[in-house]
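S.K.: Structure in structure tokens, see below.
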Amino acid sequence: YLVVIQLFLGNSCRFIAKPCAINLGIQDSGPHRAQPNAILEKVFTSITKSPDGKRLEGLSKQLDWDVQKIQRWFRHRRNQDKPTTLTKFCESMWRFTFYFSIFFYGIRFLWTAPWFWDTRQCWYNYPFQPLTSRLYYYYILELAFYWSLMFSQFTDIKRKDFLIMFVHHLATIGLITFSYMNNMVRVGTLVLCLHDASDFLLEAAKLANYAKYQRLCDAFFMLFGVVFIVTRLGIYPFWILNTTLFESWELIGPYPSWWLFNGLLVTLQVLHVIWSYLIIRTASKALVRGKVSKDDRSDVESSSEEEDVTSNSTKGIFSTSSNGSNRLNGHVASGQWTGE
């Protein structure tokens, strides 16, 4: 299934996302390329990509360039290795397609499931609960998707929440695998569906941002923020954690894996609180100032053009640099916030 997900990624980018991006006027052009210079290139590839003040002064004397020009060269050189806006659009497109499809598949499946309306049904007759084919495919597809996110995280742009996302992917994969092995798939489907509820909205906001539909982008982001906070800080602790911590203890007692299972679920809740804080802070800046110069989950490296003209911040929830990269481009992550 991991191979199927990767094939889906490649084909959706090639036959769907790329033509859509081109029709929207998104060009396959990267950021400004650095001026060819053998000495600076050697320093960049062999020594450091971000030279300190002492090294900058030495290079300035060697090349007869001022320090600011050398700093600008290194910014351009770092940025030219980043993926283009078209590449980011394609990535968000396939993630949006998957999140949207899997969420509505989950809602359609769970709507007729008794444990969707009464969480105590998750523990009746446990662990002797049948595993239907629909449950199996739902679980396996979600597991394959998160494994693909785990692998791609090391090849995507490194972001400030890399460690948080890494912990999140580990916890998610661990929960899916653990709950499947212990036949806790009923409560597992609730967790999966709840997490998918907001992810496709974040990807939709990113797509609008890349296409430079700022108002649509802001609307999707605000909707994403509301859904995220309601599901992760409201429904998740009072619906999911309530049944795994208290109802399960009442109905089947402290089973051997109770502590590990709930430990992973509580870890997810801690991540939810961190992401909610970042979302609220970003939205507050937009509402108070009418603009956000830099998001809290931005790429590690800012675009060189934006650094050179910091006063010209773009209005809206997402601040877009001249090369089209957004400032809230996860994996939730979502994405990424993400991604959650």
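The backbone N, Cα and C atoms fix where each Cβ goes, and this holds for glycine too.
In case it helps, TrEMBL gives these features for our protein:
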type     : residues : note
DNA_BIND : 42-85    : DNA-binding region
COMPBIAS : 314-328  : compositional bias 'Polar residues'
DOMAIN   : 40-84    : domain 'Homeobox'
DOMAIN   : 87-288   : domain 'TLC'
REGION   : 296-340  : region 'Disordered'
TRANSMEM : 96-116   : transmembrane segment
TRANSMEM : 136-155  : transmembrane segment
TRANSMEM : 162-181  : transmembrane segment
TRANSMEM : 220-239  : transmembrane segment
TRANSMEM : 259-280  : transmembrane segment
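Surface or core, plus neighbours and distances: that's what I need for these features.
M.R.: According to DSSP, the secondary structure content of the domain 'Homeobox' (40-84) in residues is 31 helix, 0 strand, 14 coil.
Across the domain 'TLC' (87-288), the model assigns an average pLDDT of 87.
Using a Cβ-Cβ cut-off under 8 Å and counting only residues 6 or more beyond its ends in the same chain, the transmembrane segment (220-239) has close neighbours at 119, 190-191, 194-195, 197-198, 201-202, 204-205, 208, 268-269, 272-273, 275-276, 279-280, 283, 317-318, 328, 334, 337.
With a threshold of 8 Å between CB atoms, the same-chain residues lying at least 6 positions outside the transmembrane segment (259-280) that come near it are 164, 167-168, 171-172, 174-175, 178-179, 182, 184, 191, 224-225, 228-229, 232-233, 236-237, 240-241, 244-245, 296-297, 332, 337-338, 340.
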